[in-house]
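> Okay, so TrEMBL annotates it like this:
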type	residues	note
SIGNAL	1-18	signal peptide
TRANSMEM	34-54	transmembrane segment
TRANSMEM	74-95	transmembrane segment
TRANSMEM	101-120	transmembrane segment
TRANSMEM	127-144	transmembrane segment
TRANSMEM	164-184	transmembrane segment
TRANSMEM	196-212	transmembrane segment
TRANSMEM	232-254	transmembrane segment
TRANSMEM	261-281	transmembrane segment
TRANSMEM	287-305	transmembrane segment
Amino acid sequence: MQWYFVAALLTVLTSSQGILTTLSQSNGKYEYDYATIPFLAEVFKLAVSSLLLWKECQKSPLPKMTTEWKTVALYPIPSIIYLIHNNVQFATLTFVDTSTYQIMGNLKIVTTGILFRLFLGRRLSNLQWMAIVLLAVGTTTSQVRGCGEASCDSLFSAPIQGYMLGVLSACLSALAGIYTEFLMKKNNDSLYWQNIQLYTFGTIFNMARLLMDDFRGGFEHGPWWQRIFNGYSVTTWLVVLNLGSTGLLVSWLMKHADNIVKVYSTSMAMLLTMILSIFLFNFKPTLQLFLGIIICMMSLHMYFAPPSMLLDMPLTVKPDEEKLIEVAVDRRTRS
């Protein structure tokens, strides 16, 4: 399977996630406990990975599966980073408004590139660095509203703590992705075995979150396992399946491609969501949206196109032609 096919599918699924989540609301509210969505998505990914590993084990030779505790102990770390990231997100939103938070979230594009170079040792050309910065500029441009609106003024009026937490959130998001790629490429273990380890700890951490929510609420609505499916509809189940499938595609990209491909997929998904919202939710397109799309398309071309398509390569001059040029220059100087 080619990575660009998986990346395109990830773009479509990521884009549809926000749309499905909006459609799952009833009268503008969630009839179900939204915290159960990530938990069920982790269970779905764990079940699919287990089934695929079982099928892989039916073939010969058997897939490689490292079971040393030193290796297995590395797999809870992404879940811990995401747990810290989620708390930082909530803390950030206490200092800045939603629009400012979304715009600052684009910093993770640049921080991913920086950590990609520092921790994985992957070299990027100057054109690729320019493309990454352009992608951040393009996504930010598409989200900025008219400067006559109050939201534009609020972008620069938040307290310094809000900006610091926003930068920390971007760094944690990038760090989780980079660390996951490191785990996936650390050895030649089966992708499905690696997924099982990741999603087992992901399921445990999400279960712990549901239990903590019950304790904080004093079990007012009963324990989470008794009401886990309350308010679920067909659309809600599509949200779960979509989120789970997105996670499986991301793990494939981490194994066979890299974080930059994932960043481009999710960024393009955001733009695709805005375009689809024009037709589904009467979202009014803005000039900034169209400019952002153009900038992101330029960035996409700059990063992935071969250098020969981006630069005018000088024509090679044959030795005989060099002699003719020298003779011509010599005649001109004599004349």
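Just so it is clear, glycine is given a Cβ too, placed from its N, Cα and C backbone atoms.
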> Can you work out whether the transmembrane segment (34-54) touches the transmembrane segment (196-212), with the criterion being 3+ CB pairs under 8 Å where the paired residues are 6 or more apart along the chain?
yes
> Under 8 Å for C-beta pairs, could you tell me which stretch among 196-212, 232-254, 287-305 has the largest tally with the transmembrane segment (74-95)?
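The stretch I would name here is 196-212.
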> With Cβ distances under 8 Å as the criterion, find the stretch in 101-120, 127-144, 196-212, 261-281, 287-305 that has the most pairs with the transmembrane segment (232-254).
261-281
> Which one of these stretches, 101-120, 127-144, 196-212, 261-281, 287-305, has the most C-beta pairs shorter than 8 Å to the transmembrane segment (164-184)?
101-120
